[in-house]
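Per Swiss-Prot, S-adenosyl-L-methionine binding site is recorded for T154, G179, D201, N242, and the stated evidence type is sequence analysis.
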Amino acid sequence: MPFLELTLSCSEVTLPRFQNALDDVGALAVTMLDADADTSNERAILEPGVGEMPLWDRLTMTALFDGDSDALVVLAALEAFDPGLDWSQVAFRMVEDSDWERAWMDLFKPMQFGERTFIVPWNHALPEAADTPEAAVVRLDPGLAFGSGTHQTTALCLRWLDSLAGSGELQGRSVLDFGCGSGILAVAALKLGAAGAVGVDNDPQALLATADNAQRNGVDAQLTVYMPQDEPVQTYQVVVANILASALDALADTLAARVAPGGRIALSGILHGQEDDLLKRYAPWFDQLRCERDEDWMRIDGVRRG
């Protein structure tokens, strides 16, 4: 059976807190390794004395969760358990048996969001409903477990973009996809009629995935990707941020400053119950703030005050 694997870096000082958090949210197993292994800074721990438990200064922790676990739910629970720890560098992946990837490809079917937006894996024929001039079709690799449209946070954003396109508020507009991941939202926005898009993410692999998906969908000339520190300071008519509630709170000033007067914003990655604080956080800059729910997840959207 597959497992969800979490990896993070910590110090000997913060290790107990990370360990307590992982145990609390249901980790099946936790292992620790020297983060400097196979480098000149590697330190061997051979035979500790009685009652001693020496550890490395820098550690890599790996935790396993049940394969049915939702990575974003796990991460949100960890942040809620100990918000004082830095969870921003946590990485997830599926530890799978040899048949998992093929099973995922078979399970990942074409999906429709709103009236005209379709996410279609490359190994599937185009659905009849998507084979129209009005349809916005994004083709994705079925191996992408996250940012593929299957998670509620992504689905909430895709439906929002589709509704903007339906009301004519996306045609010819500039778009910022903050925390772009696979780039699915930026690519979908371009397919729906946006003039140009910028993807921002702190993971270089995410930027590569976004650029690759843009190229494969024929919109690479309209999309540029940046690390957060390299993003040009400018405003956009449409901003979408599908990250976690803690990051949305911390980045409120930054995200608000990126939205042009009269522009639209959508915030996702918010668990039900976290929306009230974020509504208050963004109220100084945005009117018409409203929420939409999909199972345990919420989206907030609004209009930038002039």
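Using N, Cα and C of the backbone, Cβ positions are placed for all residues, glycine too.
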* Asked: If you draw a 10 Å sphere on the Cβ of N242 (S-adenosyl-L-methionine binding site), how many other Cβ atoms land inside?
  -> 26
* Structure fact -> Span of the recorded S-adenosyl-L-methionine site, as the biggest CA-CA distance among T154, G179, D201, N242 in Å, is 15
* Are there residues of the same chain, six or more positions away from G179 (S-adenosyl-L-methionine binding site), whose CB falls under 8 angstroms from its CB, and which are they? -> V200, D201, A241, N242, I243, A247, G269
* Provide the three-state secondary structure of N242 (S-adenosyl-L-methionine binding site) computed with DSSP. => strand
